[in-house]
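Record features, source TrEMBL:
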{"type": "DOMAIN", "residues": "28-125", "note": "domain 'Ig-like'"}
{"type": "DOMAIN", "residues": "130-228", "note": "domain 'Ig-like'"}
{"type": "REGION", "residues": "171-193", "note": "region 'Disordered'"}
{"type": "COMPBIAS", "residues": "179-191", "note": "compositional bias 'Basic and acidic residues'"}
{"type": "DOMAIN", "residues": "239-321", "note": "domain 'Ig-like'"}
{"type": "DOMAIN", "residues": "329-388", "note": "domain 'Ig-like'"}
{"type": "DOMAIN", "residues": "398-496", "note": "domain 'Ig-like'"}
{"type": "DOMAIN", "residues": "502-590", "note": "domain 'Ig-like'"}
{"type": "TRANSMEM", "residues": "599-619", "note": "transmembrane segment"}
Amino acid sequence: VYLCFSKCCNCICSLTSNIKLCNCVCYPGTTYYLKQVNLKANSLRVKRGDTVILTCQVDMSSSSDTGLQIKYSFHKKHDLLYNVSSSQKSQRYELASVHVSHSGFYCCVAEVGNKKKKSSDINIKVTGLPKPLLKVHNTEVKEGEDVQMTCTATDGIPPFIFTFYKRPFQKTPSQESNENNKEETVTDKMSSETSFAIDDKDEIVRFTCSFVSLLMYHAGKSPESNVTIVTVIEQLAAPEITVHPSSNVTEGTLLNLTCTTKTAPQFSGNVLLMIEKEKHIISMANNTVYYSTTANLQRAGEYKCVASVGDFQKDSKKKIIVNELFSKPELSAAERINEHNPITLQCTVKSVSQNNISGPVFAIYQNRNLIIKNATVQNQGTYTCKVTIQSITKESAPVNITVYVQLSKTSIFSDKTTDVILGHNATLQCKSEMGSPPVNYTLLRAGEVHSTITVTKAFEQATFTVTVNKTEHYGEYRCTAENRISSSKKYSSSFNFTVIAPITGVTLTMIPVDGVEEGEELILLCIALNASKPITYKWYKGAEQKLLQTKSNSSESHAYLTITTDHQGTYCCSASNRANTMHSAEVNVTVKWASWKKIMSSVVLLLIAIGTILACLYFQKFKKGK
């Protein structure tokens, strides 16, 4: 270990004593200062196959350029690509014939002396993926088989999206862009496999593929791969469907449909044939299938013959036109009829396609009852007309007939009570047992219209709410009812409420008002104000409200209680009827002495005074005599 005492000199050291000391001779040294390191590229976005030139430039200052050596290193992310020492203040590094995997972040590091500095990162993007390689496992397949294939990417970093394309050999623009003829797969490997089913329209098919790197989406989509052609060997001919007598017939004609198919000579086994209409199988058999029916408008449409072997199918179609033999019948009638009036129904057919047909058969239905004389409630409903010509039956559109019934007598009632408290609401119901809705019910009070309610359902009652604010509102109440066929209004009988007036106040009066003497009777008069009878009166004594007496169902607006003077104290009373209960204020009963007691008391006091005076006079006389 050399112990140096100078940092500014190059020292030549010698052994002195037990310590190695530096004998320093000072002369000028070299000092370096790294300001900045920059990395540049000739282009940050290049195409596949181009050359990328990276230039690392150093911005520095030094005390001398003699013996200058700069160490350069080029990096992609954390991987070292190239390093070199140079006396120049810039250094180049070339990436020749780049491909997509060269995309990424690059930087350079410059080091001189004990100084080191790193440049900022630059992002280089390489576009243009190469064609992938497509390998088809079988280039000749039978109808119904699958074609297996593998697509391999030759550049890029997974994961990839591989797209496989299936196109006819002689393509049209619509077939070229058909999105249904492609498959997409996602994988983190360099290759992907898929399969395509061969359908009945395939003869010679072209397959290609392409791919996209999810991590390098800027590289875009690769060109399509090599084209591989697959030949399809036909096993089953398209089925043939025949219609007898014709595919254009008139209603009532007997139709016969036959479906057959042909197979390749090397084919063995049965072919399942099906006749379908609107995706419903109507007949099914092996090798040949038949279907017979009588033509009508519902039988018109497209019929499909399907030949099936395992999961593979071929089909052909035939459109059958059925012309109308006669038009749909029309039923006419008045839709609204009053009860007991006749119902008139008319069924007509406006057009018939043939002249030599047998006579039509007409029938009018309503609950299977064909004879109607006069309208009743039971006759209302839905009517139809059916016409039959040459085994073809057609039904008219339905006609709804409503039979209106006259109103019966109207009744008025209350389903709660006939009593009503003054100031409260009450309800009344009006109803007619018979009559077609809508029915207008009107409530009359004392001959004046109170309100009107319209009910729209059969046997529904009208509910009225009335407010009884005066005693005169007890009645009389009546209902009127009318519907659209009423010749006049139907009136109910009259209805009256019993109006109960609540007690508005209670007073308790003492007679005589100035109190009584001992031995006399006292009357406590309890009065209920503005109240309906009957009224129940009660008298109470003291703060504990001790009940003294009760008078029930009184027909008077007042009642009284007679007490003796022994019952002095505080009193109150209450009055109650069917509406409410109220209490009076308290009164204080005081008892005076009787008159004889007052005279006796005065005489006694007078005698006491006379005796006192005589005693005093006697005492003075006795004192003098002594």
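Each residue, glycine too, has its Cβ placed from N, Cα and C.
Secondary structure of the domain 'Ig-like' (239-321) per DSSP, as helix, strand and coil residue counts: 3 helix, 55 strand, 25 coil. Put simply, of 28-125, 130-228, 502-590, the stretch with the most CB pairs closer than 8 A to the domain 'Ig-like' (398-496) is 502-590.
Sequence-distant contacts of the compositional bias 'Basic and acidic residues' (179-191), counting only residues of its own chain at least 6 positions beyond either end whose CB sits under 8 Å from a CB of the stretch, comprise 150-153, 158-167, 214.
Across all of the domain 'Ig-like' (329-388), the predicted model scores a mean pLDDT of 71. For the domain 'Ig-like' (130-228), the DSSP counts in helix, strand and coil order read 10 helix, 47 strand, 42 coil.
Across the range of the domain 'Ig-like' (28-125), the DSSP-based residue counts are 3 helix, 62 strand, 33 coil.
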